[in-house]
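Chemist: One structure is given below, represented as structure tokens, and several questions about it will come after.
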Amino acid sequence: MTRALLYDAGFGRPSFKPMDHRTRFLHLALRADALRFGEFTLKSGRTSPYFFNAGRFDSGAALAELARCYADAVDAAGVEYDLLFGPAYKGIPLATVLACEFARRGRDLPLAFNRKEAKAHGEGGRLIGAPLEGRRVLIVDDVITAGTAIREALALIGDAGGAAAGIVIALDRQEAAGGVDIAPGARRSAAETVAHEHGLPVVAVATLDDLLGFAEADAGLAAQREALLAYRARYGSGG
């Protein structure tokens, strides 16, 4: 059930075509230094051979290309929705530039996002933007790590009378949730857990599998690919 709800917007293992949205995204992430290779200690305590930071997409040109990649991934997945929602904080600019990209393509979508804390004055509340009531809401974020921000967004959407239609993220690390040690049988990733718990499609612009295919196609990334394979063998999700 869970895997049927998870999409990499290419539906399965990557078979790269020149400059599809996954390839464009990975090229962009490397150029922007949003995707780095080396040794990185994650919050989980794991030592990862790569690190992704969507905050490095910090120029108009980079954000515009990122929005095109998101839009292509969403269109390929076929999710039905009529409002974009950006969870605070990184989801806010991502949902905003995606709304601009869809408007450029001729689809003017309403947009909303949340504050981390309720505002007691002015318009008040935690939600900003278009009303959510009666809307099918697509949540736009960078990654799903523990799923905390997504669950908070789902609660806000439901309380406001909206219905979550799906989630789109930039990169799915496809690794089992948890810390350095993984309990036997606990190989479900954070994205898989959210999909399973809420019955929602989780669309990723690119996945670890896509990154491996990308590295295989580039001789200059041969060493990085070996490290990625070893990391996936140890921590990769398995439903």
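Positions of Cβ are set from backbone N, Cα and C atoms, glycine also.
Please treat TrEMBL annotations as automatic predictions, because they have not gone through curation.
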Chemist: The orotate site in TrEMBL includes Phe51, Phe52, Arg173. Which of Thr23, Thr145, Thr148 is also listed there?
Modeler: Thr145
Chemist: Using DSSP, how many residues of the domain 'Phosphoribosyltransferase' (61-176) fall into helix, strand and coil, respectively?
Modeler: 43 helix, 35 strand, 38 coil
Chemist: If I take the alpha carbons of Thr145 (orotate binding site) and Lys116 (5-phospho-alpha-D-ribose 1-diphosphate binding site), what is the distance between them in whole Å?
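Modeler: Cα of Thr145 (orotate binding site) to Cα of Lys116 (5-phospho-alpha-D-ribose 1-diphosphate binding site) measures 18 Å after rounding.
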Chemist: Roughly how many angstrom lie between the C-alpha atoms of Thr148 (5-phospho-alpha-D-ribose 1-diphosphate binding site) and Phe52 (orotate binding site)?
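Modeler: With the alpha carbons as reference points, the distance is 18 Å.
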Chemist: Counting Cβ atoms within 10 Å of each candidate's own Cβ, which of the binding-site residues Ile144, Ala146 comes out highest?
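Modeler: When each Cβ's neighbours within 10 Å are tallied, Ile144 leads.
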Chemist: Restricting to the chain of Phe52 (orotate binding site) and a gap of 6 or more, list residues whose Cβ falls under 8 Å of its Cβ, or answer none.
Modeler: Ala29, Ala34, Leu35, Arg36, Asp142, Val143, Ala170, Leu171, Arg173
